[in-house]
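The structure appears right after this line, and notes come after that.
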Amino acid sequence: MLYTLNLYSAIFYVLLSFSEESTLFYHRVLFSGFTIGSAVLLYMYLKNGKFQDKMYQTRRKKSNFFNLVFFLSFVIGAALLLYKYFKKDPPQKHDSPFVFAVNVILDAATAHPALLLSKNGRRVTWKGTGQDLPRSTQRFNSIPYVLGHLSICSGKSHWEVEVGNASCWDLGICRDNVTKKEEFTMSPQKGFWVIRLCDGDYWALTSSVTLLTLKEKPLKVGIFLDYEAGYVSFYNMTDGSHIFSFSQNKFSGVLKPFFRLWSSDSGFLTICPGEE
């Protein structure tokens, strides 16, 4: 019995050498009526439980850490996939409308008598007084319009017009066979795909006209036509922004570039040189 007690005591004192916690535990248990041997056994049992609990907490922390790493990897991977899927590739040269530039000059045979064309056929100015012009069945007589000489019946075409400080103008395309001898309302249904500047406001001449909001006044307007796709787009070449598009059209027959000045204070329009 004495031998067993001494063994317990020896073990207990060895445990005491490891921490102050064991000393405090010994005194509390001893004063509670436990024998030294019982105190040693109880301490070892509780100590082992704490050790296992610490091991569990360590494993749990490691598990949480790996779970967090896995979750972050998943989120980052998903974000990269979404970015790759939704990001827009920079415009390629073959996708740009500007590579479809065409050479447009004004068709004098269609010009209203109030409009004066330059010798090279690239500028139209308001003349006002009637001019002695050759008779032409293609000439506009009621409204000061003029068409481009280019006939478009397929493919993609792009041209640019300097509008500068012109105060009132119409630009776009129209069918070759539109009415030229009487007044009419312009709309896609009537064969016109046109935008307008009038009294400081910009409009798209849709079936019910659409007021346009532009961040910057265009000094040059780009017109892009995709015949087969059925749309006409207008661009502000001053800041490169999109102005308006007529889409979901079914073109047929010949289309022509279209121009209009309104009055003597309209200024002038100049067609930029394109591909010959």
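Just so you know, glycine gets a Cβ as well, placed from its N, Cα and C.
Worth saying up front: this structure is predicted, and the values here are computed from it rather than measured.
The feature domain 'B30.2/SPRY' is assigned by TrEMBL to 84-276. Confidence over the domain 'B30.2/SPRY' (84-276), given as mean pLDDT on the 0 to 100 scale, stands at 88.
Under the heading transmembrane segment, TrEMBL lists 25-45 (among others).
Here TrEMBL flags 65-86 (among others) as transmembrane segment.
Among the features that TrEMBL reports, transmembrane segment is placed at 98-117 (among others). Beyond the ends of the transmembrane segment (98-117), by six or more residues, the same chain brings 123-131, 133-134, 136, 138-141, 143-150, 152, 155-160, 180, 222, 224, 256-257, 259, 261, 271, 273-276 to within a C-beta distance below 8 angstroms of the stretch.
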